[in-house]
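*Asks:* Shown below is the structure under consideration.
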Amino acid sequence: MMISRGLFGWSPPHIQPLTPVSEVSEPPESPSPYMDTSAEAVPVEMDEEIEDVEEIEPPPAAVPFSGLFACADRFDWFLMVVGGLAAAAHGTALPFYLHYFAKIIQLLGHYPLEESDVLHHKFKELTLSIVYIAVGVFGFGWIEVSCWILTGERQTAVIRSKYVQVLLNQDMSFFDTYGNNGDIVSQVLSDVLLIQSALSEKVGNYIHNMATFFSGLVIGFVNCWQIALITLATGPFIVAAGGISNIFLHRLAENIQDAYCMKLQALLNRQSLTLEHYMHLRMKHWPRLGLGFTYGLAICSCALQLWVGSFLIRHGQAHGGEIIAALFAVILSGLGLNQAATNFYSFEQGRIAAYRLFEMISRSSSAVNHDGITLASVQGNIEFRNVISAIYHVLKFLS
């Protein structure tokens, strides 16, 4: 049975659109556009025949990725450009550090002790370069985080402001009908937090990791393209081994859930039959072998690259620093790509939340009540009388 997402997109919303309810119109069946947990469940007639193919619910509607920045102004775009450049510079810092680290290893092997002054001068230049990289990491990291957090807060503040304007433009009958609980406010707050998380943290993190991915490949091929190619060639085998291990772990988890009924069946004097039925569900060595096989392939890949590196060193085609830098740069590149892929879920959740909010704001804004007189300016004082603080009485009672 399919449940319509309606106007809000929040599951399950009311089928009526969010428009001002006039005094003449009848209120909807449910006092809230969200699920009323206190109401009794409506019995649904089920067919006697069970369908073989279950109806698959379509994916939730979402705005395009560029729709997350619909409320950005010029200053927000400036912050995002600066934050994106800082994130890219921050992500390339570690691969460049490996490049200078390779040069330090080369110095240790090429200069004898008699040339200590030359060695000291070279070390001084390289260490200063590494210090500059560290200072750049501190500065670019601060700019990255600050710019993305600031622009995320600014854009979500605009969304909150538009939503409040939509609520204030509704008739009193709307609040009598839909304002019985706080689901409207709480759901909007959670959606805004999803959008802010995607804008303030995940976008900068994605740019940072993708910069690490590309710069790691560049540094690896610049130092020793042979080692970089071998690392890329053995990478798919390690990924495949990890995927196979995850498949076995997933099947084992399903079998463990199926075996939870063993105790209940044993209590029904069917212990022998139960043990015979679930004998094949005992934990086997496949998960441990899969994990060991994955790490074993990774270590064998490093051993192969170092063996090829020794061959290149003997023939004068590379030195030890270049081989080490190429090896770890490509590995770091793969780690950056893996970390960048973890942000896609937050992007998807933010796009879905943005669709719900923008759809509600756009449809509700079209039904604004323009009746009455709009005052140019209003001045006055609001006085609250006979207001008793419940928190004060609770604290007094607890004390």
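Cβ from N, Cα, C; glycine included.
So TrEMBL lists the following for this protein:
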type: TRANSMEM; residues: 77-98; note: transmembrane segment
type: DOMAIN; residues: 81-349; note: domain 'ABC transmembrane type-1'
type: TRANSMEM; residues: 130-151; note: transmembrane segment
type: TRANSMEM; residues: 203-221; note: transmembrane segment
type: TRANSMEM; residues: 227-249; note: transmembrane segment
type: TRANSMEM; residues: 289-308; note: transmembrane segment
type: TRANSMEM; residues: 323-341; note: transmembrane segment
*Asks:* Give me the stretch from 77-98, 289-308, 323-341 with the greatest number of Cβ pairs under 8 Å to the transmembrane segment (203-221).
*Replies:* 323-341
*Asks:* Using Cβ atoms only, state whether the transmembrane segment (130-151) and the transmembrane segment (77-98) have three or more pairs under 8 Å that are 6 or more apart in sequence.
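*Replies:* In this chain the transmembrane segment (130-151) contacts the transmembrane segment (77-98) - 3 or more Cβ pairs sit under 8 Å.
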